[in-house]
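Positions annotated as transmembrane segment by TrEMBL: 6-26, 33-52, 85-103, 115-136, 156-177, 197-217. What TrEMBL lists as domain 'J' is 281-360.
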Amino acid sequence: MAKKSLFVTYLLWLFGGFFGLHHLYLGRDYQALVWWMFAGGYFGLGLIRDLWRIPEYVKDANEESSYMEELAEKMRKFPKPTAGTVRYFGLVTVSDAFGYLLVGAIPREIVPEMFISTISALFVPLAVASGVYLIGNIGRHEGSFTSALIGAYFTSPIYFLYDAPICLTSLASVHYFNSTKKWRRTPKPQVSLSRRLAFLSFCGVIYLSLWSSWLYFNCTVSIQGQEPVKCRDAAKHFFKSPLWREFVFVMKEIWRTLLENGWREVWNAFVEALDPVGQRNALKVLGLNDSPTEQEITARYRKLSREWHPDKHKDPEQKQLAQEKFIEIQQAYEILSKIKSVRVAQNVRNPNAEEYSPYHEDL
């Protein structure tokens, strides 16, 4: 096998470190996968640590005599590899993250609430054990997936009593895995690059699928004074939002908010600019100002509906244009009506609460 270059490793670290390219180059595939999944090893912390760890990684990959002698001495001194602070932190953090990701990916719109505990008890330990196995087999440490799995499934009954005790599952899996792990005394079998990439791609597809499920089914955007909005619905309104259409102006307004009110209000200003419920765009479609009354909204909707009704247009092109405009007007009115209904319901539940509207008061 060709010797690995320290210069090339640092070059890959510089230009592809967040994707784990330097670890892929050195044959540390599990570590490369973790770096890709967690943006450079826990949001760049692992990448920074690699700065002084890379020389040792290169020596390990090249099996340099001085390094192998030190490793042999360490193996004689410690019959079982010790879990250092960094590795232990990685074991718990990654396994925890996998467990929470799986719980978050369960589509609550499709799966009845009564089955959530059962699904969690069956599949969260599997996700946690995968994280433990991944971190636990980086470098010269070696452990079985079975031991990580056994430790994780010890906690399965707890999922029927408490809501997602994932940390307990991680700790149990890590403890049992560490009690059975050993040194990797022989090099890993040589595998072709295509097979390595196929494995990493397979893991990547599963990982991205879980994130996609969470984003589509369970991710919400919270807006002060309104019900949470699904991220998938908010995304539909993004390209019609002030943030997209008036980017420079909105950025100036957010900067002004930061200077005047501090960081606490910046997030609210940013969310308002995203217009996740489509409120600002709806007002724009109906040609209304920021503080219309309910009567003004209804009157404007009726006027525009009559004006753009498809039956009033004979020309095919005009009829198609009118149809699109008519649908847009209806959608805008439905958005504003829904917002009004939500606020009325909130006032009924809490009549002493002060009604809040980020754009207008009467609606």
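Any Cβ shown, glycine's included, is placed from N, Cα and C.
Quick caveat, the model's predicted, so the values are computed rather than measured.
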**OP:** Please give the sequence-distant neighbours of the transmembrane segment (33-52): residues at least 6 beyond its ends with Cβ less than 8 Å from one of its Cβ atoms.
**Re:** 13, 17-20, 22-23, 86, 90, 93-94, 97, 134-135, 138, 200, 203-204, 207
Subject >> Stretch with greatest number of CB pairs under 8 Å, the transmembrane segment (156-177) reference, 6-26, 85-103, 197-217 candidates >> reply: 85-103
Subject >> Distal contacts, the transmembrane segment (85-103) - CB-CB under 8 A, six or more residues away >> reply: 34, 38, 42, 49, 120, 123-124, 127-132, 134-136, 138, 141, 164, 166-167, 169-171, 173-174, 177-178, 207, 210-211, 214
**OP:** Note the mean pLDDT of the domain 'J' (281-360), expressed as a whole number.
**Re:** 78
